[in-house]
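Novice: Structure incoming, see below.
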Amino acid sequence: MSPQTETKASVGFKAGVKEYKLTYYTPEYETKDTDILAAFRVTPQPGVPPEEAGAAVAAESSTGTWTTVWTDGLTSLDRYKGRCYHIEPVPGEEDQFIAYVAYPLDLFEEGSVTNMFTSIVGNVFGFKALRALRLEDLRIPIAYVKTFEGPPHGIQVERDKLNKYGRPLLGCTIKPKLGLSAKNYGRACYECLRGGLDFTKDDENVNSQPFMRWRDRFLFCAEAIYKAQAETGEIKGHYLNATAGNCEEMIKRAVFARELGVPIVMHDYLTGGFTANTSLSHYCRDNGLLLHIHRAMHAVIDRQKNHGMHFRVLAKALRMSGGDHIHSGTVVGKLEGERDITLGFVDLLRDDYIEKDRSRGIYFTQDWVSMPGVLPVRSGGIHVWHMPALTDIFGDDSVLQFGGGTLGHPWGNAPGAVANRVALEACVKARNEGRNLASEGNEIIREAAKWSPELAAACEVWKEIKFIFAAVDTL
């Protein structure tokens, strides 16, 4: 026997492959307050036991690899390894299980969503032993939450900046989303803001294209904001999309927005990436800019029920990375969103402390301590007839974003904005008087339409418009 072989034997090293569950499945483990906890929906390949599948997820997303390695002896696996500590079947689904995994906090860089996701939702999602894998929820411990700055300003500071209280905020995405010149784009913004909206918005794919370069758009939109403010006496804003091909260009656009004196910029946080988003969030905090977040690409990640990552995880990640608004489903309208599940992650965005509630898809109690909240944004196929339901379901701390529901008004953009503002004010007034928006909503809108020809015209145009499809995102 060679000296080298003797050395291997003397330290207990045994080459080869062993089952993951022998090391990473630990049902006796008691979770710590400092652990990051994850709930994975696991669909094992035929013949793979759920314990082995859950342990494989824990291993491949923390310290494990496919074979025993020498260097395991140079560190403390008990201190650093992820542990699958509980597995339960998914009711009503064949061969699907929820695997709960605990990760020691020292596995993750402080203040880095990028690093957290690189481990937890990294290569493990391509693992051959699994047919499918979905991250349903994360519990972020207080010790890790406190390493993030979170939203640049938060809900209360935004209301103070805008001097708008006691109602949802109103917005509009300018359409057509692509093809307008900067001057015509600015004109549409002005008409909507003058009509009564609080915000107008760049569409997520408006960056700096040949038909409208970013600097021209910023200038004309700033002119629209100042003109509308002078005429209405209200503070107005336009979400100027600072998303760019590199971080330096993104920050340059945000700097120009600040120099123009506008209140808010925008970022596509999934296509732009978490590192870029956190950098922009820090700039916005330091320079008094609000930050609107669009979730373009989210459905690629979260739409499939058995693979990918649920949006509640992306919402938590955004709150940590930083953003003052984020699009988060409507329940009504044309885009995906089941009511209880949507309200679950809306609470995760807005509230300080959220209790575990499996009926709403919340797998863990989450304490955000002092981190500011994020305003959820409702958009996609909504119009004046949806106003009572939106006001009732989401309350005051939300942004209601009507694109086609403003610009599609038969009389033009400003009357479309007037119709939405009148409908909102009528719903808030009725709610404050104790009326039931769920049962009396249509009547409230009809009463308001008697005094607003703009609202009456909008009601007539969209009276038959419905988007009736079953939600894909169910428990």
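Here the Cβ of each residue, glycine as well, is placed from N, Cα and C on the backbone.
From Swiss-Prot, here are the annotated features:
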type	residues	note
MOD_RES	Pro3	N-acetylproline
MOD_RES	Lys14	N6,N6,N6-trimethyllysine
BINDING	Asn123, Thr173, Lys177, Arg295, His327, Ser379	substrate binding site
ACT_SITE	Lys175	active site, proton acceptor
MOD_RES	Lys201	N6-carboxylysine
BINDING	Lys201, Asp203, Glu204	Mg(2+) binding site
ACT_SITE	His294	active site, proton acceptor
SITE	Lys334	site 'Transition state stabilizer'
Novice: Please report the distance from the Cα of Glu204 (Mg(2+) binding site) to the Cα of His294 (active site, proton acceptor), rounded to the nearest angstrom.
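Specialist: Cα-Cα distance, Glu204 (Mg(2+) binding site) to His294 (active site, proton acceptor): 7 Å.
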Novice: To the nearest Å, how far is the Cα of Thr173 (substrate binding site) from the Cα of His294 (active site, proton acceptor)?
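Specialist: Here the two Cα atoms lie 12 Å apart.
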Novice: Which ones are near His294 (active site, proton acceptor): of the binding-site residues Asp203, His327, Ser379, which have a Cα within 10 Å?
Specialist: Asp203, His327
Novice: Between Asp203, Glu204, which of the binding-site residues has the fewest other CB atoms within 10 angstroms in the structure shown?
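Specialist: If we count Cβ atoms within 10 Å for the binding-site residues Asp203, Glu204, the smallest count is at Asp203.
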Novice: Distance check, please: Cα of Lys175 (active site, proton acceptor) against Cα of His327 (substrate binding site), rounded to an integer number of angstrom.
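Specialist: Between the alpha carbons of Lys175 (active site, proton acceptor) and His327 (substrate binding site) there are 17 Å.
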Novice: May I ask for the distance between Asn123 (substrate binding site) and Asp203 (Mg(2+) binding site), taken between their Cα atoms and rounded to an integer number of Å?
Specialist: 32
Novice: Rounded to an integer, what is the Cα-Cα distance in Å between Arg295 (substrate binding site) and Asp203 (Mg(2+) binding site)?
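Specialist: That comes out at 11 Å between the alpha carbons.
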Novice: Max Cα distance spanning Asn123, Thr173, Lys177, Arg295, His327, Ser379 (substrate binders), Å?
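Specialist: Maximum Cα-Cα distance: 37 Å.
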Novice: Report, as a single number, how many Cβ atoms besides its own are within 10 Å of the Cβ of Arg295 (substrate binding site).
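Specialist: The answer is 23 other Cβ atoms.
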Novice: Provide, as an integer number of angstrom, the distance between the C-alpha atoms of Lys177 (substrate binding site) and Asp203 (Mg(2+) binding site).
Specialist: 6
